[in-house]
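Each remark here refers to the structure printed beneath this line.
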Amino acid sequence: MQGEEEENQNLEDPCGEVVEECDESRKGVCGCLCIPVHWFRMLSREMHWSFVFGVITIYGVSQGLGGALSSVGTKYYMKDVQKVQPSEAQVYAGITYIPWIVKPLWGLLTDVLPIFGYRRRPYFVFAGFLGVIGLLLLSLHKDLHLVLALLSLTAGSAGVAIADVTIDACVAQNSISHPSLATDMQSLCAFSSSVGALLGFSISGIFVHLMGPMGVFGLLTIPAGLVILVGFVLEEPHMPNFAYKQVNQKFIDASKAMWTTLKSEEVWRPCLYMYLSLALSLNILEGMFYWYTDKKAGPSFSEETIGFIFSIGSVGSLLGAILYQYALKDYAFRDLLFWTQLLFGLSGMLDLIMVLRLNLRFGMPDYVFIVMVESVAQMTNRLKWMPMLVLSSKLCPSGIEGTFFALLMSIDNAGVLSASWAGGFLLHVLKITRTKFNNIWLAILIRNILRLTPLCLLFLVPRADPNSSILPSECLDSKVVIETSETENIELVSLVNNNVDAK
């Protein structure tokens, strides 16, 4: 009888067999490797392998690896090829970020306008081709005008943004159908992004040194091509008899459902906090980058060193994701955001120590100190960002989860854009140029003070934890007709595939 009870308990617990299989192997090194492997297998079994592949490709390869290469390549492209000032580079970085602001448009299209009977797959294909075209134009033209270069960079950014909102729709949809795995899915996204960024930053400096920034843009067509592959392999139900004449009404219905949810106090208050917390964290990274590479005022880091520094920062981001998954994911949103925002603000003071050269007085070389600074900054930033993502997924009503999650992310991206342009304005006002960095310490101090101001706005965040329902009853009860039947079909496909895998 005791053996039967243990067997039944294992059948009820989806992770029970994972625990039993790994009991003995955990004693060695293989046990450490066993846990993440079975975690991936569990996610693939619950939500189909193509979804996990899509998350890893979009977050890990396209945004993580490709984003790291693009970040370093673009910095050197603006500095050495276009030869712009740091304040201008900061503003141009914000311009290329505009496609992320209109994410609700991409999300609305994926929710209400299927192409050839599919809602997600064609948008992955389109996003991949858009990225390939923009990156090829940058890599093949040596004397490309600044305006055309910005358009190409924006096109590449749009390709990544469309792929991001499409996979976000899949994540949000699975968070609704598998609420117990919502934090696991966000951890998968963060883990993939961090590992991809770690690899990308590790090789970015080497490739920029060997191939130049234009060669790096040519290399980035590979991640864009993999996005196209996701569009062909993603498991998704086909809708051959879709009524395209009703698209206008569906746009109206989706917009009404979004407005009904957004005007709820339980939704707009945390949205306002997320925007202000990001907008008040001024972005002066371009000014810091110019200082890092300056031969007189700064430490004069090489391309390889810059790439290695950013890669170590990705390790900090990965540690932040792991720490959240295994220690912090069940804490209340308000409590966790208080400590993460506080640490995020205080960690910025390390930059001030760096530019004032105080680290040299304590006998710590620039190279060692900047590695520590970047690691702490990325870890605290990831810890601050993770609960916001989980909170956003909890605010999505069923039926328009792709569109509404995109709306929430666009609000966050508007905060990032505001921080970037405000940082560029600050660099311009303080007269920080390609060769003058006298006031960069003041820019860092102002940024750090503003990072702490969101602590006064935490009353906007609910006290609920990730396992609680946040949406009001009227939002939970309302269903958008355009999505209900499709959601049922997708859940049915997931159940069928799970049964097949079990056999």
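Each residue, glycine too, has its Cβ placed from N, Cα and C.
Of all ranges given (28-48, 49-69), TrEMBL attaches the label transmembrane segment to 49-69. Same-chain neighbours of the transmembrane segment (49-69): 40, 43, 124, 160, 163-164, 166-167, 170-171, 174, 185, 188-190, 192-201, 203-204, 207, 216, 219-220, 223-224, 226-227, 229-230, 233-235, 310-311, 314, counting only residues six or more beyond its ends whose CB sits under 8 Å from a CB of the stretch. Of the Cβ pairs linking the transmembrane segment (89-109) with the transmembrane segment (305-324) and spaced 6 or more residues apart, fewer than 3 are under 8 Å, so the two regions do not touch. Contact between the transmembrane segment (146-167) and the transmembrane segment (214-234) is supported: at least 3 Cβ pairs lie under 8 Å, counting only residues 6 or more apart in sequence. Same-chain residues lying 6 or more positions outside the transmembrane segment (404-428) and placing a CB less than 8 Å from one of its CB atoms are 86-91, 93-94, 97-98, 100-104, 106-108, 164-165, 168-169, 171-172, 257-258, 261-262, 271, 274-287, 388, 392-393, 395-397, 443, 446-447. The stretches the transmembrane segment (188-208) and the transmembrane segment (272-293) are not in mutual contact, being linked by fewer than three Cβ pairs under 8 Å (pairs 6 or more apart in sequence).
Same-chain residues lying 6 or more positions outside the transmembrane segment (214-234) and placing a CB less than 8 Å from one of its CB atoms are 50-51, 53-54, 57-58, 61-62, 65-66, 69-70, 72-73, 77, 81, 120-125, 127-129, 131-132, 135-136, 138-140, 142, 156, 159, 163, 167, 170, 204, 207-208.
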